[in-house]
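Here TrEMBL flags 32-144 as domain 'PurM-like N-terminal'. Annotation source TrEMBL lists Mg(2+) 4 binding site at 34, 49, 80. Per TrEMBL, the feature Mg(2+) 3 binding site maps to 34, 80, 228. Summarising the annotation, TrEMBL assigns Mg(2+) 1 binding site to 50, 51, 128. Under the heading Mg(2+) 2 binding site, TrEMBL lists 51, 80. Summarising the annotation, TrEMBL assigns substrate binding site to 58, 279, 335. According to TrEMBL, the feature ATP binding site maps to 110, 127, 128, 153, 230. Summarising the annotation, TrEMBL assigns domain 'PurM-like C-terminal' to 158-315. Look at TrEMBL and you will find 231 tagged as Mg(2+) 5 binding site.
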């Protein structure tokens, strides 16, 4: 190993660069999506995903109760399954924590996970607990999917409509309210509750899948591209375009935002929250426009067509009213581990 490589630090590569390095140790045909697909028998695939949460990075007692931290942890994994078109089967939980943590805190954490899982008819099926200097949670979720109903990031084609299943920016807004209570003064109680709940109790969009399969049932086989927006809307579109080797144009005015943003944030702030805030756990799907229109009509509640897949590699944000200039989106503008 040469000296340049041996002196290279994780922070020098950043999250995406490090992922590219470690992905070399995995089968290329399996990695690259929200979860891995393992064919177990004809007509059925096992879908596996893992997420880690670290105290002070993903949750904090300033913004989340133990129950909320547990819910968010379970929801993040179920969202990855939804993004692959999979039905959840169960999760395993790896918990590392200091010995000084109260037993009550641990029980409340598991209560939050269980509450989320029960809503989606699944459960904790195993795990491990170890001593750790920092509270860390690692969840592996298992799901089932039919091979012809798997959603992949790499399936977008030029001309596809880009669909979001709900509003973006709410979860980040809720976090800001919890961190900075003075921001609440321009919001009524209902708006405050809705935004903080979006952060503390996000809803994985497993409910979208039956609508999607119903729309596709009468069609010849059609590939659907997609992922969840846990790292922000911009990140989701960029990752899909990178995997599919295409570009995209997002329409500024078509991005669904919480109604409260209209009188609470500037247009620039609202757009930043939606594109880069993250943790909304909506699905971002790419499919033919006619089918996209049908899906949006059936989902309602913030679902919208927000753009189009294009040739090339650039992902542009366009404002049809030309109030804002076209903007090239990039992963570097959002949150990345090791970048701060």
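Every residue, even glycine, has its Cβ placed from backbone N, Cα and C.
Those TrEMBL annotations? Automatic predictions, nothing curated.
Overlay of TrEMBL annotations on the structure.
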residue	record	CB count, 10 Å
49	Mg(2+) 4 binding site	23
50	Mg(2+) 1 binding site	15
51	Mg(2+) 1 binding site	21
110	ATP binding site	17
128	Mg(2+) 1 binding site	10
153	ATP binding site	22
228	Mg(2+) 3 binding site	25
230	ATP binding site	22
231	Mg(2+) 5 binding site	21
279	substrate binding site	23
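DSSP assigns residue 153 (ATP binding site) to a helix. Sequence-distant neighbours of residue 127 (ATP binding site): residues of the same chain at least 6 apart with a C-beta under 8 Å from its C-beta are 92, 93, 94, 95. Of all the Cβ atoms in the protein chains shown, 27 others lie within 10 Å of the Cβ of residue 80 (Mg(2+) 4 binding site). Excluding 50, 51, 128, which define the Mg(2+) 1 site, the same chain contributes 52, 92, 93, 94, 137, 138, 139, 140 within 8 Å (Cβ to the Cβ centroid), listed in sequence order. Here the domain 'PurM-like N-terminal' (32-144) has a mean pLDDT of 91 out of 100.
Spatial neighbours are here defined as Cα atoms within 10 angstroms of one another, and by that definition the neighbours of residue 230 (ATP binding site) among the binding-site residues 51, 58, 80, 128, 279 are 80, 279. A helical conformation is recorded for residue 80 (Mg(2+) 4 binding site) in the three-state DSSP classification. Residue counts for the domain 'PurM-like N-terminal' (32-144) under DSSP, helix first, then strand, then coil, are 36 helix, 47 strand, 30 coil. When the binding-site residues 128, 153, 228, 231 are screened for a Cα within 10 A of the Cα of residue 279 (substrate binding site), the ones that qualify are 228, 231. For the pair residue 110 (ATP binding site) and residue 128 (Mg(2+) 1 binding site), the Cα-Cα distance reads 13 Å. Its Cβ placed at the centre, residue 58 (substrate binding site) has 17 other Cβ atoms within 10 Å.
Checking Cα-Cα distances from residue 51 (Mg(2+) 1 binding site) against the binding-site residues (58, 80, 153, 228, 231) with a 10 Å cut-off leaves 80, in sequence order.
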